[in-house]
Amino acid sequence: MAQRIDVKDLNIYYGDFMAVQGVSMTIEPKSVTAFIGPSGCGKSTFLRTLNRMHEVIPGAHVEGSVELEGVDLYGPEVDPVAVRRTVGMVFQRPNPFPTMSIRENVLAGVKLNNKKISKTDADDLVERSLRGANLWNEVKDRLDRPGSGLSGGQQQRLCIARAIAVRPQVLLMDEPCSALDPISTLAIEDLIQELKKDYTIVIVTHNMQQAARVSDRTAFFNIAGTGKPGRLIEMNDTATIFSAPSEKATEDYVSGRFG
Amino acid sequence: MTTASPPAHATRHEPRRRRASGDTERGFSRVFRWITTGAGVLLLGVLAAVAAFLVARALPAFTASQAELLADGKLPAGVTSIAQYVGPLVFGTLLAAAMALAIATPIAMGIALFISHYAPRRIASGIGYVVDLLAAIPSVVFGLWGGRVLAPLIADFWVWLVGVLNVLPFVEFRATATGRSLATASIVLAVMILPIITAVSREVFLQTPKLHEEAALALGATRWEMIRTAVLPFGRSGVISAAMLGLGRALGETMAVLMILSTGLGYSLQIFGAGELTTIAANIASRFPEASGLAVNVLIATGLALFIITLAVNMAARAIVARRKDFSGAN
């Protein structure tokens, strides 16, 4: 299920503007990798290149390569739609489809991918995905109610259920807890620990305690100044990044001196 | 002692507090409130006045005896009561408007989606202008174009289509060689209501939250699948409202229909034939100049019917929009 990601010399552009420069890193399967850094350093932009969501914005493009188990996601033969089916994504704000019920939300991706699914298979998948997202017990009696009627934390877990229902290899999370209260945040963090048994997880977070709590490895991004591209400063085991970083900027950031 | 009093205190002071906040509204803020309230009241007043006028002037037509109607009502040959007169008119009006809507709505949605989600920005704004330009053409011009240009051109097509359709069992269409049929009128009506439906739909589609579009794309949706899962459900009520705006115009449109259609009176599905059907608005316009006395009341009674239809259509549209409110995304 889980796959490894190799990024080599990746430059990311919005039109002519270079937003992120020269990122190379390896993301291990069945682990949680956290991206931290000040606002505007390009960590979310970089995350979105891992499932080719970056290019949804007009003019956005990349140079370099992102390999998933040796296959370049930016190769000429590769369909971005297929990439996004393999690399799932959870967004900053919970975004269940408002016109769909809880059940329909979970099945949304599956219905896109292989149209026909029998009623019993669908029921199984809904239950399995919602259990996988620790949401089943809270919603099992109201699967036909709109997903937008849930609390923020429940909605975010519904989005996670929707993402894992299509059985991706990798799960990208773009500040998944930034719109949530502490209790819901804790629920999501517990869930991430569960999910890493099966998936490669990459999480962007503004919250350094969160990075320290949930991740195995941490990458620190920084930006030299406004208008300059963001760069990967340092990547290492999370414990090392937070206790003995090798770069001065990382130490300043994790100790709260800026950002 | 004092701890028990606050609730009573609060309720006692509430009206005064509300008044106090009203007092903070000074100068233009207060004037503006009068203006907006006045505008709202004026609208209701106009609507009430129109309704009252229609009812008052239509009443003699309803109360008149059959003999009076036949003598003085200028009813068409063979018609002996108001119901016999209004019925076919309502039927023709609804049929023409429904056909126009059936033609215009899918095309308008297609144009709107192309502008909002497919076309490069420069082309999109160009098409937007062209569609808006279409709305600026007076209906008389549409009528002339429909009657003089479209009808002769499309007549052969209708004849051919009727030939094909009549192969089916239980179907016996007639087609007129002049092309001045309800089908032609509906096409012109569709062109006329296209701009409003397109413009409103486009605005609605553009307002689809980025968040929902990206949610669909991140699940591996193609552009069309993204539109189907995120854009269309979000825009559903907006498109219905847009269609209703168009339907309102199609129901009341006078000149275009009058100048194209060779009118008749009856419950008929002969949309390709001449002298089979007419609409309320076109019928009033053609008969009013020569009407007097009870005949005027009869025509106003048909106008009242149009008023009621339009009201009912709008209420039905609101009911459709409200039915799935929970799922609308407004919460």
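Numbering starts at 1 and runs along the chain as it is shown here.
Keep in mind that glycine also has a Cβ here, set from the backbone N, Cα and C atoms.
Whatever TrEMBL says is automated annotation, not expert-curated.
Per TrEMBL, region 'Disordered' is recorded for B:1-22. Per TrEMBL, transmembrane segment is recorded for B:34-56, B:89-115, B:127-145, B:157-175, B:182-201, B:230-248, B:255-274, B:294-317. Taken from TrEMBL, the feature domain 'ABC transmembrane type-1' applies to B:90-317.
Comparing B:89-115, B:127-145, B:182-201, B:255-274, B:294-317 for CB pairs under 8 angstroms to the transmembrane segment (B:157-175), the maximum falls on B:255-274. At the 8 Å Cβ threshold, with sequence separation of at least 6, the transmembrane segment (B:127-145) lacks contact with the transmembrane segment (B:34-56), having fewer than 3 such pairs. Taking residue pairs at least 6 apart in sequence, the transmembrane segment (B:34-56) and the transmembrane segment (B:230-248) share fewer than three C-beta contacts under 8 angstroms.
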